[in-house]
Amino acid sequence: MVLPHEPEFEQALDELTTSLQPFLEANPRYKKALEIVQVPERVLQFRVVWEDDNGVPQVNRGFRVQYNSALGPYKGGLRLHPSVNLSILKFLGFEQTFKNALTGLNMGGGKGGSDFDPKGKSDNEIRRFCTAFMGELFRHIGSDTDVPAGDIGTGAREIGYLFGAYKRLRNEFTGMLTGKGLHWGGSFIRPEATGYGLIYFVEHMIAKACPEYSLDKPSTLVAISGSGNVAQFTALKVMELGATVLSLSDSKGSLIADKAYTPEFIHKVAQLKLKGGPLESLANEPGYTYHAGVRPWTLLPTVHIALPGATQNEVSGEEAEALVKAGVRIVAEGSNMGCTAEAIDVFEATRKAGPNGVWYAPGKASNCGGVAVSGLEMAQNSQRLAWTTQEVDAKLKGIMAECYGICLSAGSKWSGEDLQDGVLPSLLSGANVAGFIKVADAMREQGDWW
């Protein structure tokens, strides 16, 4: 059967398949599980017709990829962005399946969204779109079936509109979305969770690989891409711990700090992004330099920690070489599949070369804190309880520590490498193998393969 070309999905599948080779050679029966798990359980595609402020009907495509429910209800965000297509959502749902497995919580994998662009739309237009979108999606989701969440373009406002539409359609108040407002079923730490969780994961990496670059030292230089929710809270946590943040970026360019970002400036960026404004509008701020059309990776002479936090494939092979030259020791993805295959090859080659190489962590491990707190929000909703900020943060730290330990252990066992002379295990292999085994075993026990 000839399948359509889906580049993002094929990249994610190739990465997983390559990582699994040593494990599959030792356990050939799991080859059938790999063949089955790569096919989504269900793919939904539908028309979304909504009315703009001029009374003119507009149409967009809506999607929900319900990828795998072996470990729990489908769980994954709704992305609203003109680039959304089936290949991107299949890649995200596929990655989400194994990411959710690494949290240790009972969540399957899914992803959805639309090619609708919230930028430049009024609140009323966004509300009418969300109502129309939920007018079809509500038939396919529920607190024990499929629990969507926010993603690029889908923030607190959109989650509120979507939740309200579902409530009116089903006449029930239930935890069928996460990322809700704190006063109506949301969880503390949810907006911060992906960024905070990324840093909790990175702290374990630093402690093992390069303690001289711990995040409590102002001399530790951190490059971050993106300027949305993930990048903002990543930066704030880095600053809270004491290290120096040098960069943020958006789709139009990068804003580099002459000395260091400050929490006050991050709040200014947050207000700007809430209105959909570009970083370019902050180009004249004293202490910062704007570079149009360039990501931050080639702009910094010295970097110790690099944290991609924008979107997929935002670090190229050439940019990876620049980071290595700048002295980077840790690269951990806050975004999903933030590094291209070529960039990963560059980082992994330096890791294999000796103890002073780059240690790379894939997003399915390092950024699983966001969906982990979504899972904790689901647990609170089921119990009709609300945990404190301290309780949720402690659980998040525990989940990230456990995830790191699982990836380190599986990477040591299944990377297919001779880890001599201080060479670190592959967290890429570890994350892929550990997530795959957990999903595959559950599928076998439920009769999905044998």
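Cβ atoms here come from the backbone N, Cα and C positions, even for glycine.
Nobody curates TrEMBL annotations by hand; they come from automatic prediction.
Among the features that TrEMBL reports, active site, proton donor is placed at Lys111. Summarising the environment of Lys111 (active site, proton donor), the number of other Cβ atoms within 10 Å of its Cβ, over all protein chains shown, is 31.
For Lys75, Gln96, Lys99, Gly150, Ser374, the entry in TrEMBL reads substrate binding site.
Annotation source TrEMBL lists NAD(+) binding site at Thr194, Asn229.
What TrEMBL lists as site 'Important for catalysis' is Asp151. Same-chain residues at least 6 positions away in sequence with a Cβ under 8 Å from that of Asp151 (site 'Important for catalysis') are, in sequence order, Gly77, Leu78, Arg79, Leu80, Lys111, Gly113.
Distance from the CA of Gly150 (substrate binding site) to the CA of Asn229 (NAD(+) binding site) is 11 Å. Residues Lys75, Gln96, Lys99, Gly150, Ser374 make up the record's substrate site, and a Cβ search at 8 Å around their centroid adds Gly76, Gly77, Asn100, Met107, Gly109, Ala149, Thr178, Gly370, Val371 from the same chain.
Long-range Cβ proximity for Gln96 (substrate binding site), meaning a same-chain Cβ under 8 A and a gap of 6 or more residues, is found for Tyr67, Lys75, Gly76, Gly109, Gly110, Lys111, Val371. Put simply, Thr194 (NAD(+) binding site) is 12 Å from Lys99 (substrate binding site) when counted between their Cα atoms.
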